[in-house]
Amino acid sequence: MKSSTYGYGYSVHDMDGSPQAVTELDLSACHPNSIVDRINAMPALKTSTAFFTFLRANLVLPHSAMSSNPSTPNLTPTRPLPPATMRRSPTPQSSRPVIPIPPAAAALDEDDDEDIPPLTLEVLSSEPDKTAALKLIADSIAQQRQTASSHIIFHPLPLSSLIATLAISYRYFLSQSDLGTQLMILSSLVTTYLLAIRWLTAPFIRLAESISYSFLQSSQSEEEDTVIACRYGKEIIGATVLHVSRPGGNSDPNFKRHKQRGSLSSFKGGRGVIRAWTVKMRYRGKGIGGDMLREAVRLTKEKCGKDGEVGFARGHANAGLIPIGGSGERGERGEEKSVLPEWLNRGWLRRSERRAAQALERVVGEFWNGKRR
């Protein structure tokens, strides 16, 4: 390889080793002549800017062959847009594309709305519907067993008795025993405690099984009690049994004679007695029970007049009362006893009855306020 002050020479050898002449590029004449060229010249390199100018002139690529990065600015001159096309950029809201909803999607949305079952409140008239409502009432009575069991398990008095029994057994009988014996005896005592509670609440199941179609039959009239139900689609999710009594009722000495003659007086001055009121567990707390109470108050006022009273029967379906003698209409038997002692009912059953009575008072107050308006 040959070299000069501002030029480079290259020699290439063939496969057999013989040299081959190559054209040399002599840049000896390319000296910076002007002040600008002297400023642009790089002192670290002996090659002047003319060498790079030569390369730029001989290495020009077509514009189509250049693939520029999107972030690279476009240095080609562009023609300015006419004034008519220079407009304000649209707002972000207006720049969003408007996608029309196809008719098929709109039809699907309408079908989804139609698939939602309606929620209706009605007075049942067919026997299958009344049987389904009675089954819902029986289920609510059976659920009371679970509620009562949970209350008794954590009641302070039974729970303290269990803890005392476990402590005494461990202190005087199991302190010298091995760990396996201690766990077996103590777990047996806890199991006995739970079985005693299960036996104590078993009558709730018998009360639930006693609910049949005869529950709707009244001894005061040939008509059955009114069953108000809330239906979600085809499913009955709430039921209320309303008995509307005539003034006097069985206390009227001529009741049996009037009943045989068919000359019973009208319901004017009578009262409405709610003998059952329940809502399916998963739908509670959504106002369904209040709607049924409003319907019961409305029906009572229609039959008995504006002075007709509405209240819960003492022996309603969820009162936890077992008849121990006599016969007749449920809730009007002369002698009944509670499934649980009163000191155990005070915590959960009486609280629920107070809440039901307060709900009924609010409904009656709303009815009177609506009448005044």
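Each residue, glycine too, has its Cβ placed from N, Cα and C.
Not measured: the values here are computed from a predicted model.
The region 'Disordered' annotation in TrEMBL covers 65-100.
What TrEMBL records for 67-78 is compositional bias 'Low complexity'.
What TrEMBL lists as transmembrane segment is 152-173 (among others). Within the chain carrying the transmembrane segment (152-173), a Cβ under 8 angstroms from the stretch's Cβ atoms is held by residues 182, 185-186, 189-190, 193-194, 197, 200-201, 340, 343-344, 347, all 6 or more beyond its ends.
Listed as Cβ neighbours of the transmembrane segment (179-200) (distance under 8 Å, sequence separation of 6 or more from its ends, same chain) are residues 149, 152-153, 158, 162, 165-166, 169-170, 173, 340. The transmembrane segment annotation in TrEMBL covers 179-200 (among others).
Annotation comment: TrEMBL describes 207-305 as domain 'N-acetyltransferase'.
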